[in-house]
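Student: Here you go, one structure.
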Amino acid sequence: MSTWTGKRVAVLYGGRSSEREVSLRTGAACADALRQKGHEVVLLDVDLEVAARLRAERVEVAFVALHGRFGEDGSIQGLLESMAIPYTGSGVLASAMGMDKTVSKAIFRSLGLAVADYRVFPRASAGSIGVGDLPFGLPCVVKPAGEGSSVGVHLVNEAAELGPACRDAASHAGDVIVERYVKGTEVDVAVLDGKALGAIEIVPANAFYDYAAKYTAGTTKYFYPARLPEAHVRAVMQAAEAAHRGIGCSGVTRVDFIVAGDGTPYILEVNTLPGMTATSLVPKIAAGLGLSFPDLCERILDGAALKA
């Protein structure tokens, strides 16, 4: 029996971020899965009245199914802490650090994890960034520091592409990060309660795994387990666990890597609230271990707690 059997569960989804549509899918899928396990579930689309609605609905525990700003960055976690409502996923500080790529990259380096060379530029100077500002040259990857789901991310191969890419990244959240492009195999690792569940290989139809590749059906192939030498899989899973611990995460995370030809796992980011539809990557990995989607959601719910 679940820790929260008989309790009123709110699945928090939607919200105001650029990843709202993804969150709506995640929340609906998780709510359905928890109902299949017998839980009393109310779906709450997070808005400026969410605190009043949590009280009105007599919520006893929150399943956080938000993505992006205001949901994955510690904001909703802080509200839940102040209301003494236990919640799933990482706490305020871990969520904030995981969302800010500038902070998380510095932490990864301090842990001894492989991080591609990068530079951080203030949003105000994005329009003046040139190839001469990049000691690693081209190709490079441009991304906003405070977004997820590859929103505002660009692969830049030519000098003429750099300015527009930087200006677009600056239109999103956070500073602009420009990092050396690492050629290799894209691999994501699911971590649950500090233990790596497995590694899945991602093969997009084009050279770059961008927003369209993630969310347009049929544009990307996935291979689980990842088609890598066993030693490389072990290395990437160990790195994922180290990143999860280093950020101070709780519950489930998805840690993204590029595994170079020599087996070096270059870490990209930790997703403290990964996509959780029945066809998302974390559920795919869990299914490979015999853990159904409803069982996975209940495992995550069982870890709900106050973290402050």
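Yeah, the Cβs are placed from backbone N, Cα and C, and that goes for glycine too.
Keep in mind that this is a model prediction, so the values were computed, not measured.
Below are the features listed in Swiss-Prot for this protein:
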BINDING   133-188  ATP binding site
BINDING   ASP256, GLU269  Mg(2+) 1 binding site
BINDING   GLU269, ASN271  Mg(2+) 2 binding site
DOMAIN    105-302  domain 'ATP-grasp'
Student: Name the residues of the same chain, 6+ apart in sequence, whose Cβ is under 8 Å from the Cβ of ASP256 (Mg(2+) 1 binding site)?
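Tutor: In sequence order, the residues whose Cβ lies under 8 Å from that of ASP256 (Mg(2+) 1 binding site) (at least 6 apart) are GLU186, VAL187, ASP188, ILE267, LEU268, GLU269, VAL270, ASN271.
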Student: Count, for each of the binding-site residues CYS140, VAL182, the other C-beta atoms lying within 10 angstroms of its own C-beta, and report the residue with the smallest count.
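Tutor: Each of the binding-site residues CYS140, VAL182 was scored; lowest Cβ tally within 10 Å is VAL182.
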Student: I'd like the Cβ neighbour count for GLU161 (ATP binding site), meaning other Cβ atoms within 10 Å of its Cβ, all protein chains included.
Tutor: 16
Student: Please give me the CB contact count at 10 A for HIS154 (ATP binding site), counting all chains in the structure.
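Tutor: HIS154 (ATP binding site): 20 neighbouring Cβ atoms within 10 Å.
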Student: List every residue in the same chain as GLU147 (ATP binding site), at least 6 positions away in sequence, whose Cβ is under 8 Å from its Cβ.
Tutor: SER18, GLU19, GLY68, ARG69, VAL153, HIS172, ALA173, GLY174
Student: When DSSP states are folded down to helix, strand and coil, where does HIS154 (ATP binding site) land?
Tutor: strand
Student: Around ASP133 (ATP binding site), how many other CB atoms lie within 10 A of its CB?
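Tutor: By my count, 13.
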